[in-house]
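J.: If you look up TrEMBL, you'll see 1-82 marked as region 'Disordered'. Annotation comment: TrEMBL describes 72-82 as compositional bias 'Polar residues'. Annotation comment: TrEMBL describes 263-305 as repeat 'WD'.
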């Protein structure tokens with residue numbers, strides 16, 4: 001393996017500015033939620049009994065007299081491995097309501113709760129003004145498997161979404177606090193990890209560093225392809241964790257352009273990694289060896305091994321629970337043992353030890369999971385995306401992504417939790433409003449015809465970066481109405 005090296009833009013990348021034709025303008029308020037679109041989850045019997053119990057407790061005066069219900073005790077706080085059985089016992093079940101009453105009560109509750117949880121400030125019309133402004137082609141020629149901005153919200157708090165404002169100097173460059181790293185973007189594809197400055201000299205997308213994983217005979221795609229990455233903050237440094245077919249997690253320093261350490265232990269391809277939401281020390285990884293592992297990234301030590309088949313993982317923002325998605329479409333919720341994270345030998349846990357809930361929302365492999373506003377978004381490669389509550393199992397909305405079937409694609413959620421974007425198999429990016437559940441826009445360009453494997457919002461969601469097949473990265477930018485009018489004048493004069 002070679003250390004990360006500085007790479008000139010000309011040798012590694014192409015920067016092709018693109019100017020598009022204009023479109024529409026201003027911003028109305030969003031329409032009300034259509035609760036009739038809410039569907040019912042198909043669950044295991046155990047999950048359904050628990051759900052009926054909670055529905056009855058919240059609306060027992062409105063349900064049929066033929067069904068009885070018991071009061072629901074407050075949800076226990078789970079903070080340790082020994083509390084798992086207690087946690088399960090305290091989730092009291094009740095008798096099953098009729099199917100009609102169940103569906104009606106669930107739909108009403110789902111619409112009301114979702115409206116209260118999702119932020120109500122929306123600027124969805126800005127997406128109508130998005131234009132393709134940058135194209136980058138990396139030199140490896142394979143899929144871009146993941147894109148990740150380094151927002152570093154735990155250590156640098158600034159406004160997000162529409163509240164975030166950029167300041168510019170007289171040269172048109174962004175004036176940025178040294179702690180604000182939201183302009184840094186990473187990509188992984190083939191045997192390379194590339195790091196970009198998304199605001200170089202204004203709004204250029206330029207490469208900063210390149211890391212390449214090679215064996216003695218050169219690049220070996222089948223053995224060393226990188227599939228996933230995430231950022232870790234350190235004082236005076238930014239670390240990028242990358243992993244894939246090599247079965248090893250590499251911790252790369254951006255400050256020194258070198259590999260700091262390697263985390264070894266997995267016996268098969270690593271499909272996903274995620275940093276702990278409360279610190280930048282611990283890392284979760286999922287592998288095809290039927291284990292999920294929790295690591296200390298400073299000591300390279302594996303702390304816990306969770307025996308399960310997982311294709312995707314995601315932390316609950318509390319850091320006490322994480323979710324795994326399987327190749328069969330199952331979603332498991334795991335409790336994190338509240339014990340010393342510095343034991344010498346990793347402890348092993350089975351599903352029966354720590355799993356508190358299981359859902360069967362999907363019929364195909366899960367490729368992405370995200371928490372948003374206390375709820376969960378899960379997506380499978382058949383193009384189905386579900387928005388649901390991890391405690392009550394209510395489902396708020398089922399999405400069938402336009403042109404999204406048979407496509408492995410990581411979606412992203414705007415930092416304010418209002419929108420999500422997801423790639424399609426025809427080269428476009430769909431943006432949805434999480435409150436209304438409606439498709440806001442589909443970003444397309446005639447040059448983008450290959451599948452999109454991943455996409456990401458910037459901090460103010462005025463740019464969306466997408467990566468896909470044949471090593472292309474596409475950046476769509478918000479363009480003001482004034483600029484669009486100027487473009488129209490240029491077109492007319494030509």
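Keep in mind that glycine also has a Cβ here, set from the backbone N, Cα and C atoms.
Keep in mind that TrEMBL annotations are predicted by a computer and have not been checked by a curator.
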J.: Per-residue pLDDT averaged over the repeat 'WD' (263-305) comes to what?
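T.: The predicted confidence over the repeat 'WD' (263-305), as a mean pLDDT, is 96.
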J.: Taking a Cβ cut-off under 8 Å, which residues six or more beyond the ends of the repeat 'WD' (263-305) line up next to it in the same chain?
T.: 154-155, 227-234, 239, 241, 243-245, 247-251, 311-319, 322, 324, 334, 336-337, 341-343, 346-349
J.: What does DSSP give as the helix, strand and coil breakdown of the repeat 'WD' (263-305)?
T.: 0 helix, 25 strand, 18 coil
